[in-house]
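Taken straight from TrEMBL:
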SIGNAL    1-20  signal peptide
REGION    171-200  region 'Disordered'
COMPBIAS  174-189  compositional bias 'Low complexity'
DOMAIN    221-257  domain 'Excalibur calcium-binding'
Amino acid sequence: MRQAYKVWSGIAAGVFCLVAATDLSGRGATPPAGTVASSSSLPAVAAPAAVGGSSPARVLEVIDGDTFRLTSGDEVRVLGIDSCEAGTPGGRRATDAARARLVGVPVTLAAQPGVDRDRYGRMLRYVSAGGSDFAATMVAMDHTAIYTGGRNDASPTVQATLRRIDTNGRTCGAATTTTRSAAPTTTRSPDVDRPRTALPAVPRTATREQAAARSGGGGGYYANCSAARAAGAAPLTRGQAGYRAALDRDGDGVACE
């Protein structure tokens, strides 16, 4: 009887071990084909700890997909990624995506050791927003890619991880340009509001009356005696209108005798 009990106990223990092994192996199995992985299954980019550790921050304004301004006034350029320019369709999508993920959300910044600011004075930082790595989230979309425009200050490990996520590059589209129309012109009449050219002042000359007065005559004027005779004014005496010395040849005070 004791021997039979030992046999059955051994069989029960073996079955238990077999079931436990099967359960553990099933937990690590690959999901069936056709199953869509959730966004949480994307590789996570762990921002390396800065020399002084990470620091919390608040975003005041999103400038574009990879740049934003803090409430402190500092501008931050996200390390490792490059979004489409703001004036392109892709840039507008990137800006909207960044705004949705950064504004009003707790943000943590971390620096790459030895890297602080770019030549424009912007802080170069790894960014975590709402518990997710911002660069990894953005680079998975078609408006943002890994930065290749020059020196990439992100660590080689971060760059490699972002490169694995960035399977679609960027699709920015053409920038929107606005052509300014010329201001409407008004055709003016050639005689309306035309600038006036000032004529030079003409020196005033002595009037005929002034000449007659200087010669002792009155207000009339005769070019010669023929004119005086034709006017019925001859002879002209000194002091009479029209008398002038030029007509009085003998100077006796009577002209056009």
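Placed from the backbone N, Cα and C atoms, the Cβ positions cover glycine too.
Keep in mind that TrEMBL annotations are predicted by a computer and have not been checked by a curator.
Sorting the domain 'Excalibur calcium-binding' (221-257) by DSSP state (H, G, I as helix; E, B as strand; all else coil) yields 9 helix, 4 strand, 24 coil.
Computed over the domain 'Excalibur calcium-binding' (221-257), the whole-number mean pLDDT of the model equals 84.
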